[in-house]
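J.: My questions all concern the structure below.
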Amino acid sequence: MNNSEDPFQQVVKDTKEQLNRINNYITRHNTAGDDDQEEEIQDILKDVEETIVDLDRSIIVMKRDENEDVSGREAQVKNIKQQLDALKLRFDRRIQESTQTTIPLEETVENSTLNTSMAENNDGGMSNPFQEQMLREQDVHLDGIHKTMQNLHIQAQTMGDELENQGQLLDNMDEGMDGVVNKLARGRRQLEWVYEKNKEKYDDCCIGLLIVVLIVLLVLAFIA
């Protein structure tokens, strides 16, 4: 199966893209933004954590197949976990640095209003549309991850059903072999019974044939 067709690889790819987006956002914004943006980032990080749990579960299912090599998949999930831990550390540090900065309330409101006005004048009002576009793209990626995880769940269920069917097939084969062995044993006992029943009669026939042969030989000897 190609990576483009593998649901596992698709989830890994989407998850890495989400982490890269958050990393780029944190890199561009050294300080914490408004509450909505920070909450959105926290939600994405939680979604990534849940995705990692689902990936670990899918690896456990794949390990049941002895022919499946999951070492590469385990390395990919480990790399994602490391990226997530690093981003969470950077995110928490930004929050702490933001809360430690004490600015009078009036000055904060005044500066915020001034900065907002300047940003609107310099950027031509593109800040909010850019944020909305980023959020829409994140929603699309999350929907893709959700659908891919559903496919992984369906595949895991299918593999479980196949293993269960194979177990039932082996049980049926064992029962069939037991039936064949029992039939062979009954046939052997019947043959032994027939042999014992007719053994004396067969012995008498053999003795009679030997007597006839001896008489014929004696007659031929006298004639000669």
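From the backbone N, Cα and C atoms, a Cβ is placed for every residue, glycine too.
Remember, it's a predicted structure, so these values are computed and weren't measured experimentally.
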J.: Among Thr31, Thr99, which is annotated phosphothreonine in Swiss-Prot?
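T.: Among Thr31, Thr99, the one Swiss-Prot marks as phosphothreonine is Thr31.
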J.: Can you tell me which of these residues Swiss-Prot lists as ubiquitin cross-link: Lys46, Lys63, Lys183, Lys197?
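T.: Among Lys46, Lys63, Lys183, Lys197, the one Swiss-Prot marks as ubiquitin cross-link is Lys183.
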J.: Which residues of the same chain, at least 6 positions away in sequence, have a Cβ lying under 8 Å from the Cβ of Lys183 (ubiquitin cross-link)?
T.: none
J.: Mind tallying the domain 't-SNARE coiled-coil homology' (132-194) by DSSP state, helix then strand then coil?
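T.: Counts, helix then strand then coil: 63 helix, 0 strand, 0 coil.
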